[in-house]
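Below is one structure, written out as structure tokens; comments come after it.
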Amino acid sequence: MSSFLDYLTLGIVLGSMYAIFAIGYTLVYGVLQLINFAHSEVFMTGGFVGMIVLTEFAPSRPHGFPSVLWMVIGCLSGMVGGAAIAWCLERVAYRPLRKAHAPRLVFLLSAVGASFFLYNLCGKLFGRTPIQVPSLYTNSVLFHWPGTSVEVRVNQVVVVGAAVVMMIALDRVVNRTKLGSGIRAVAQDAETAGLMGVDIDRVVSRTFVIGGLLGGAAGFLYGYAVSGQVVFTMGFVPGIKAFAAAVLGGIGNVRGAMLGGLLLGVIESFTVPLLGSEWIDVAAFVILVLVLMFRPTGLLGERLGRSA
Amino acid sequence: MSGGTASEESFRRPKVDVARLRRDAWYRRPRWRRLLGFVVAGLALAVVTGPQGAGSTALMSSLKATFTSVPRLGVCVGIGVLLWAVREFGAPLRAPARTAQDGVARGVAPLRRFYAAGVWPKLAVGALVLLAGAVIPNLLSPTWQVVFVEQMGVYLLLAVGLNVVIGWAGLLDLGFVAFYAVGAYSVAFWTGSLPVQPPVVLNPFVVIPIAVLTCLAAGLLLGTPTLRLRGDYLAIVTLGFHEIVYLVAKNADGFTGGSRGTTKMIPHPSIHLFGLDYNWMFDPLPYWYLILAFTAILVVLFSRLENSRIGRAWTAVREDEVAAQASGLNTVRYKLMAFAIGASTSGLAGVVYASKVGFINPDNFPLLASILVLSYVIFGGMGSIAGVLVGTALLTLLPQWLKSYVPAEDRYMYLGGLLVAMMIFRPQGVIPSRRRQREIKLAESGVGGADATGAAGGTTS
């Protein structure tokens, strides 16, 4: 029982990170119907910007309130960095192609190129060896699951808490604001939305920024609380996982991405006791393939406009 | 249109100059925003070409050095501003450039007509290319010969195979290299280099058909349940298939040797017939000729296939699957066929690669390789065999060539930049197929879509 809760905790932590990362894929897919392959570099940027801010500006081991403050600052700077890169990506690698009505594979390749460019540039600028993210506090045990000895540590609470806050905020934005209805309109039918007076360029650009905010935060949280270090290739594997999570939940569907991310995290985590840690990725993809075979549009169906 | 002319005469134009009213103040013109963009691009250029970073010991060293070295920063921003000036005020330059371009086009036109006229010119060009392919590696240094075989040759085979899957049948396959791995591991198995021993140990030559058949079977196995998925779902499933193959190769220690790879060296192809004793060893040239022969055969076969009933069926499936199905085409069968053909070509490449390098481990077959092959195909011009070959050759040789000019680790950064620029300025690829070029042109002017990967993911629900 206690080990079950242990793995569940780990799974939820990992899953909530995947969830906010996956939202970026799903949002862009929703409005443009294409896989943003460069989103993993947004994640990487978030991790690096957060790390740089903490290394360069934060005092070594602040206590009490300042450490919380610096945590928030690190996360916010990661988000800003991610959003900036996502915005540039849209501007440079997507918008010219959109203007030319390019086929989707061209977008795909342009994103792949941008991804190569960005992560190798990062490797060049900051070195190609992993860099430790300075820790702001001791990652001590915060509480035990009631009635058991299963520990929950500070970092785990921070990741899940931040993810929950962001998911709620995003859900509000998509469902309650004017920008959100713009996003949903473009996702349903871009042409008609344009005729109805929605500024498609602006909506697409802001969709990228929102995805970048969440992706950057995911990158920071991953670097700070999950792996403890950042490296220029850190986006690749989590990126594939997050994309798989988005597909699992039904790509283009925001709540689907959240559900898919959580599920994938939990599945991965339970693979460790059942099969061994080296089979984590196999299990994730086998589940994905099985789900797609029986429910070809993911668990919650695919349209952003319809079901978010 | 003609009905309004009479009343237009009597319509009195307002006295104000509408054009002037509409014009923004000079500082609000888009021109200045573009200047900002070009300056930023110049700064980016400075950062990109800047010194290597030092890692965690001096985190910001590279950026600091870039932004404190005034001369280089000045040159880079200057390049940006110059480009901007050409773009904004370069109209006088454009006219002569256009006439020159037209002149060249007019000069080339008869050649082009001659080339398009019949099959003989094409055969002649093909023979010339083949001859060049046979002669050039002999003139190169051994390092470049190795590059020709291990980097370019293998990828040529892969790209020709992927072109069938993605260029003709329009199936977005991100796990293509998985079949390459299956082919390579089949060689390793049948030559007795894996921990598991085969029933009989064979010569790599003999393994070629076995490996190709194995990959064919693997393609069918993967394709049968998944090919009813569309577009991006197929992409993620094939990607997942790649991960599964990769991780099985990595983790099934008892069968594949795990992450250390083959336990023994895979023997080189050798001939022991009628007193002839010839072992290929490490000399890259025989492998190059093998690859050349395979490529030539495949190119001939595939271009026959392209214009056959099957090729037209693929086109139909790619353009509009629903319509194709409604017209009585068994779409799953044709998609499966494309998938299996691609898979077996990929397996062939795996056989050649494995028997050349002798040792293989799972890290020879990363997901990155799939993405690279995909980018070679799209870069060269999807659906056109000549384009795919040229694109692959260019993009595989470019990093090797860059090696002597830029730090080795930076090569893929420039490759990435090149890909983005290429997609912006020439999305149809280096040598596009005529159909594809027309599709993209039409799409640009707003007629129809130029999607080659079946229907957009959003159409199924």
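Glycine is no exception: its Cβ is also placed from the backbone N, Cα and C atoms.
Automated prediction, rather than curation, is the source of TrEMBL annotations.
Look at TrEMBL and you will find A:12-35 (among others) tagged as transmembrane segment.
Here the transmembrane segment (A:42-61) has Cβ contacts under 8 Å with residues 21, 24, 67, 70, 73-75, 77-82, 84-86, 89, 118-119, 122, 126, 131, 133-137, 211-212, 215-220, 222-224, 230, 232-235, 238-239, 242 of the same chain, all six or more residues outside its ends. Residues or ranges marked as transmembrane segment by TrEMBL: A:42-61 (among others).
Sequence-distant neighbours of the transmembrane segment (A:67-89) (same chain, 6+ residues past either end, Cβ-Cβ under 8 Å): 24, 36, 38-39, 41-43, 45-51, 53-54, 58-59, 61, 111, 114, 118, 136-137, 158, 162, 205, 208-217, 219-221, 224. Per TrEMBL, transmembrane segment is recorded for A:67-89 (among others).
Under the heading transmembrane segment, TrEMBL lists A:101-119 (among others).
Annotation comment: TrEMBL describes A:154-174 (among others) as transmembrane segment. Long-range contacts of the transmembrane segment (A:154-174) within its own chain (CB-CB distance under 8 A, at least 6 residues past either end) are made by residues 9-10, 12-13, 16-17, 19-20, 23, 71, 75, 137-140, 142, 180, 183-184, 210, 213-214, 217-218, 221, 224-226, 254-255, 258, 304, 308.
The transmembrane segment annotation in TrEMBL covers A:203-224 (among others).
The transmembrane segment annotation in TrEMBL covers A:282-301 (among others).
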Original post:
Restricting to the same chain and to residues at least six past its boundaries, which positions have a Cβ under 8 Å from a Cβ of the transmembrane segment (A:282-301)?
Top reply: 241, 244, 247-251, 253, 255-256, 259-260, 263-264, 267-268, 271, 275, 307
**OP:** For the transmembrane segment (A:12-35), find every same-chain residue at least 6 residues outside the stretch whose CB is under 8 Å from a CB in it, and list them.
**Re:** 42-43, 86, 94, 98, 104, 107-108, 111, 156, 159-160, 163-164, 166-167, 170, 183, 186-187, 190, 203-204, 207-208, 210-212, 214-215, 217-219, 221-222, 225-226, 238-239, 241-243, 245-246, 249, 251-254, 256-266, 268-269, 303-305, 308
